[in-house]
Amino acid sequence: MTTKSKNAINLSDSAKVDEQSVQPFTRSQKVYVQGSRPDIRVPMREITLDVTPTDFGGEINAPVTVYDTSGPYTDPNVVIDVRKGLGDVRSAWIDDRGDTERLPGLSSNFGQERLADPELTKLRFAHVNNPRRAKAGANVSQMHYARKGIITAEMEYVAIRENMKLQEARAAGLLKQQHAGHSFGASIPKEITPEFVREEIARGRAIIPANINHVELEPMIIGRNFLVKINGNIGNSALGSSIEEEVAKLTWGIRWGSDTVMDLSTGKHIHETREWIIRNSPVPIGTVPIYQALEKVNGVAEDLTWELFRDTLIEQAEQGVDYFTIHAGVLLRYVPLTAKRVTGIVSRGGSIMAKWCLAHHKENFLYTHFDEICEIMKAYDVSFSLGDGLRPGSIADANDEAQFGELETLGELTKIAWKHDVQCMIEGPGHVPMQLIKENMDKQLECCDEAPFYTLGPLTTDIAPGYDHITSGIGAAMIGWFGCAMLCYVTPKEHLGLPNKDDVKTGIITYKIAAHAADLAKGHPGAQIRDNALSKARFEFRWEDQFNLGLDPDTARSYHDETLPKDSAKVAHFCSMCGPKFCSMKITQEVREYAANQRIDAVDVDVAQGLAEQAERFKKEGSQLYKKV
């Protein structure tokens with residue numbers, strides 16, 4: 001069915017969930033950890049493991065708990081209907097605080113116009129509540145509560161989520177070894193507590209993006225002293241894509257581990273698309289409001305006004321957008337600094353504001369109206385993601401005067417946001433060679449006083465179109481280790497075209513690898529549990545456990561099947577690369593058995609003799625490739 005024919009039918013009648021996104025992972029189950037009140041139920045994924053084969057000791061292996069961003073979609077006990085949206089997680093928490101009110105209807109002019117247009121009925125999400133807003137004079141941001149000494153339900157929720165049943169894992173022996181990390185000055189505790197979360201938010205070192213109108217949200221935290229997070233981008237464009245396809249991209253992305261999702265739609269029906277996305281999203285949704293504002297003036301940047309932009313902010317805040325990218329650091333005086341660059345201004349939002357500044361020869365209205373923007377943000381608890389509109393678009397332009405000038409301005413704006421108790425993170429590059437990455441991180445920590453850093457990569461070289469998920473994954477792992485709090489994924493299609501589902505998955509898995517590698521290097525508590533469990537499964541030839549413990553079980557299983565497709569290969573005591581005679585792990589096990597039988601320490605074994613004897617034994621037993629387990 002074409003996009004056009006889909007839109008001819010009411011989406012509220014026809015929309016369906018992407019079936020691939022709602023399949024539970026093999027040997028995994030959704031578990032919920034109870035908080036201090038019955039409605040704090042924190043979801044995690046528990047991976048059940050096989051018993052160690054008798055040849056290797058026959059021990060029971062405890063299940064491994066992993067962070068889960070997939071929301072109710074992978075819970076077989078939940079009925080998913082994208083036409084109705086996800087269940088309500090947060091309304092009771094918000095009601096109990098008593099500082100918000102229901103509005104009689106939408107406040108934004110544009111929202112009212114869309115609601116009154118009968119032509120949009122077929123596209124409109126059918127179950128929309130009137131929005132909330134802070135009561136007059138109130139501030140409903142998580143930072144405001146934190147600075148008042150209040151531990152909110154959201155703070156407790158993320159503390160439980162970050163720990164991932166760490167105490168149980170330690171008791172089960174899943175963390176017998178974890179290398180000490182080097183955190184470059186971060187203050188990572190041995191256990192994440194609700195009070196620690198509150199302190200980090202009050203300090204501005206972390207944010208919980210959680211708009212009061214996004215009640216379907218499962219809260220998460222972004223900060224250098226927590227697990228490194230990743231963001232995935234979706235959104236339609238003038239080239240096409242339906243609302244249903246964008247919801248499918250959302251559910252597919254969070255299945256594979258996207259901690260937040262940015263809707264970067266620039267095509268038709270941006271307002272309606274966003275409503276469907278938010279109502280079906282368990283993760284924070286971010287936007288770049290200037291994109292929609294530009295659509296409202298038919299793409300003519302010079303026609304943008306503060307009044308129109310303000311209306312756009314209110315429109316999106318009342319829908320439930322959790323964080324806004326605001327390019328308020330693109331100042332008139334910085335624009336000429338980009339003239340000698342190889343790639344000029346590559347940020348879409350940055351180029352829009354630069355064009356407006358030059359056309360009017362006035363200062364950026366996002367900068368001059370920043371206090372007014374803060375007033376809107378704290379009325380809905382929308383977090384800032386201060387955009388790097390002058391980020392380098394090539395390694396030749398990295399760390400130049402324009403980039404760092406804007407960064408200093410973003411530091412200034414961060415302090416203004418904090419005066420309003422508005423949560424804030426900072427966006428970063430971009431394209432940066434490896435030797436310059438740490439300077440970026442250090443400069444951001446200095447200028448922005450440790451506000452969370454959120455970077456696009458960075459890409460470490462410009463010579464690999466089609467492989468920029470790899471060029472950027474290298475930089476992402478490095479900057480994550482140095483202190484970056486969230487990494488924006490890059491797909492293989494970067495610079496080339498619009499990503500499809502496979503590209504989205506590839507980008508997310510690449511960035512999950514980078515984020516996890518950074519967590520290991522920083523020494524985040526419990527980060528090595530999954531590595532240890534998978535390594536043990538690999539050594540014991542528990543093939544299914546190896547697949548299921550991996551970030552992408554489907555691909556791992558398919559690769560193994562290409563070489564050894566039969567079920568019997570899943571219990572083989574050798575790997576698919578080396579075969580039975582050259583498998584180092586099989587040989588090591590046999591050397592250990594020899595040492596145990598001889599009652600001597602394995603390190604004292606005559607390795608050559610051991611290998612020779614075991615090779616002879618293998619031949620005498622008929623060179624059997626498989627053993628019953």
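Yeah, the Cβs are placed from backbone N, Cα and C, and that goes for glycine too.
Here is what Swiss-Prot records for this protein:
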COMPBIAS  1-13  compositional bias 'Polar residues'
REGION    1-22  region 'Disordered'
BINDING   ASN233, MET262, TYR291, HIS327, SER347, ARG348, GLY349, ASP388, GLY389, LEU390, ARG391, GLU427, TYR454  substrate binding site
BINDING   HIS431, HIS495  Zn(2+) binding site
BINDING   CYS575, CYS578, CYS583  [4Fe-4S] cluster binding site
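A map of Swiss-Prot features onto the structure.
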{"residue": "ASN233", "record": "substrate binding site", "Cβ neighbours (10 Å)": "21"}
{"residue": "TYR291", "record": "substrate binding site", "Cβ neighbours (10 Å)": "19"}
{"residue": "SER347", "record": "substrate binding site", "Cβ neighbours (10 Å)": "24"}
{"residue": "GLY349", "record": "substrate binding site", "Cβ neighbours (10 Å)": "22"}
{"residue": "GLY389", "record": "substrate binding site", "Cβ neighbours (10 Å)": "33"}
{"residue": "ARG391", "record": "substrate binding site", "Cβ neighbours (10 Å)": "26"}
{"residue": "HIS431", "record": "Zn(2+) binding site", "Cβ neighbours (10 Å)": "26"}
{"residue": "TYR454", "record": "substrate binding site", "Cβ neighbours (10 Å)": "27"}
{"residue": "HIS495", "record": "Zn(2+) binding site", "Cβ neighbours (10 Å)": "13"}
Need one number for the substrate-binding residues ASN233, MET262, TYR291, HIS327, SER347, ARG348, GLY349, ASP388, GLY389, LEU390, ARG391, GLU427, TYR454: the maximum pairwise CA distance in Å, whole number please. 20
Quick one: Cα separation, TYR291 (substrate binding site) versus HIS495 (Zn(2+) binding site), in Å? 19
How would DSSP class SER347 (substrate binding site) in three states? coil
DSSP three-state assignment (helix, strand or coil) for TYR291 (substrate binding site): helix
Measuring Cα to Cα, how many angstrom lie between GLY389 (substrate binding site) and HIS431 (Zn(2+) binding site)? 13
Work out how many Å separate HIS431 (Zn(2+) binding site) and ARG391 (substrate binding site) at their Cα atoms, rounded off. 8
Tell me the Cα distance separating HIS495 (Zn(2+) binding site) from GLY349 (substrate binding site), rounded to the nearest angstrom. 17
DSSP says GLY389 (substrate binding site), in three-state terms, is coil
Between HIS495 (Zn(2+) binding site) and TYR454 (substrate binding site), how many Å separate their Cα atoms? 20
